[in-house]
Ligand code: FPP
């Protein structure tokens, strides 16, 4: 457990899902899973050990999210900017889906979880894509929690490409200029068909959005914790949900 200060721990006795109110569970929770490298460094381990531990935490938090009835869990696993990291770290991150899915897919299928990917295939190694696509294929008829990996994802690229598509549609005559609406724009985003996140959690103490879902986060509740992602537990997750449930969402109204 981190010794660092965090917004968690205001009521450390509250440590189970039983404290959650059933009628205000967020539909869509998004997480920026940050702090793997620092978690590893603090233990004198290589950075990739932090990513491996972070991968294991994906399973725990997915099960926790499913248990309380969250519909969509979006996890920021690899950004379009992460390609600039040292090649061996990039290679390791690209190998994680191949390790994760064969290990966990049976349980995910049994739990009715559906895998989805938000991001671009271009540039992602074939072996990585195959692992993700197999998981998507195997879970495509599932109707439970959507586990959405933001992988090779960046929001400015997403917004730019959606804009390009809108312009193309107007130029080709399939869309009138006056029919450009927020809905038409949303339909052209990587997250088409998903509701916007109700709650965004970022671990590791950084207070940034880091090019993540800039459009979709317009009215999302934001929670930041100093805990590093590998140490972010189910109880921390439940406490985040409890914090969400204490917020009053006004959407610009009164
Ligand atoms: C940011 O921490 C984390 C990442 C760039 C990778 C996140 C990926 C996972 C947790 C595993 C994903 C699992 C699958 C199956 C795809 P950081 O390395 O920037 O940490 P630091 O800021 O402490 O260096």
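Cβ coordinates are placed from backbone N, Cα and C, and glycine is handled just like the others.
TrEMBL labels come from automatic prediction, so no person has curated them.
Here the structure is a predicted model, which means the values were calculated and not measured.
Annotation source TrEMBL lists Mg(2+) binding site at 34, 221. What TrEMBL records for 34 is active site. Annotated substrate binding site per TrEMBL: 35-39, 47, 51, 79-81, 83, 85, 202, 208-210, in sequence order. Here TrEMBL flags 82 as active site, proton acceptor.
Spatially close to residue 221 (Mg(2+) binding site) yet at least six residues away along the chain are 26, 198, 199, 200, 244, 247, 249, judged by Cβ distances under 8 angstroms. With a cut-off of under 6 Å between the Cβ and any atom of ligand 1, the recorded positions 34, 35, 37, 80, 82, 83 reduce to 34, 35, 37, 82. Sequence-distant neighbours of residue 37 (substrate binding site) (same chain, 6+ residues apart, CB-CB distance under 8 A): 47, 50, 51. Within the group of binding-site residues (34, 83), the Cβ with the highest number of other Cβ atoms inside 10 Å belongs to 34.
Mapped onto three states, the DSSP output places residue 34 (Mg(2+) binding site) in coil. Under the DSSP three-state reduction, residue 82 (active site, proton acceptor) is assigned to helix.
Within 10 Å of the C-beta of residue 209 (substrate binding site) we count 15 further C-beta atoms, all protein chains included. Comparing residue 202 (substrate binding site) with residue 34 (Mg(2+) binding site), their Cα atoms are 7 Å apart once rounded.
Counting in whole angstrom, residue 34 (Mg(2+) binding site) lies 12 from the residue listed as 'active site, proton acceptor' by their C-alpha atoms.
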